[in-house]
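The next block holds one structure in the form of structure tokens; read it before the comments.
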Amino acid sequence: MPSSFVSQLSPSLFSILREQLEKKGFTISIPPHTVFQGRSPTVSCTVYQSGKIVVQGKGTQEFVEFFLEPEILQTFSSQNVQQDLRSRIGVDESGKGDFFGPLCTAGVYASSPQAIEALYKTSICDSKLIPDAKILSLAQNIRSLCACKVITLFPEKYNALYANFQNLNSLLAWTHATIIDNLAPHPAGAVFAISDQFASSERVLLQAVRKKCSDIELIQRHRAEQDVVVAAASILAREAFLSSIHALESQYQIRLLKGASGKVKQRAKEILHNKGQVVLEKVCKTHFKTFNEVLGSGNQ
């Protein structure tokens, strides 16, 4: 599919689509001649007063195939996806861009064509396109089909490890390599691993994997979440992130926000004021510039 999509939307669906986009974290605005426009880091969805809907951006295919068509338009013209049934390990993470909460890395080992076919039938896709309410049930399905491994680094542990690695990509490479080594058969044989290329050089992850699992083939690509097994891993990572956020909220009796927006910064200031720096450090990633900005404002 090209990086744009045009269709017609019934006025009765305008509010439904807007509500779903808001739940997914899209930023909503109302440019001239539109009903509304929703934007995420990878896709924009514009609904015009005429009913025309235009989707643009590098995330267009996933957005249309896994959300817009099946859930809003109730059509399925894009779902004839060629299925890759090769046994493989998919790895993905959640939380690296969130000021509050842990870094969660998950791996899924789909060891048979039957398991992979079942993942396709479950409509697995990138977790960023799935409402949080659906994540839990999808994660349960994935665990029933495949071998899985999740590493959750709560802020206290994450901050200590980051101080050691001094680089987020190096820390990510370590968690990814640990997951792959844990799930991979030894010898790996025909099984390979696939991951998003999160560093500018493929060597960062490759070297980490080679230290632990010398014989497995590693494939790195941008937008690896388009692979169904990597997408399954992204769902498990997201599930771990959401459950960990809830655990931190319960432990410290605070409300945490996702992302790293101005609202997140304001919430951090409130936590610093009400709970103190010790608690703030236990619920956030202290290498974010937001942390020092919040501390600075607290000392004024």
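Our numbering is plain: 1 for the first residue shown, then up by one each step along the chain.
Cβ atoms here come from the backbone N, Cα and C positions, even for glycine.
Taken from Swiss-Prot, the feature divalent metal cation binding site covers ASP92, GLU93, ASP196. The DSSP secondary structure for ASP196 (divalent metal cation binding site) is strand. Less than 8 angstroms from the CB of ASP196 (divalent metal cation binding site) sit ASP92, GLN220, ARG221, HIS222, ARG223, ALA224, GLU225, VAL230, each of them six or more residues away in the same chain.
Positions annotated as domain 'RNase H type-2' by Swiss-Prot, on the basis of sequence analysis: 86-300.
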Lowest 10 Å Cβ neighbour count of the binding-site residues ASP92, GLU93 is held by GLU93
Other than ASP92, GLU93, ASP196, the chain contributes near divalent metal cation (Cβ within 8 Å of their centroid) the residues VAL91, SER94, THR105, LEU172, HIS176, SER195, PHE198, ALA224, GLU225, VAL230, ALA233, SER234, ALA237
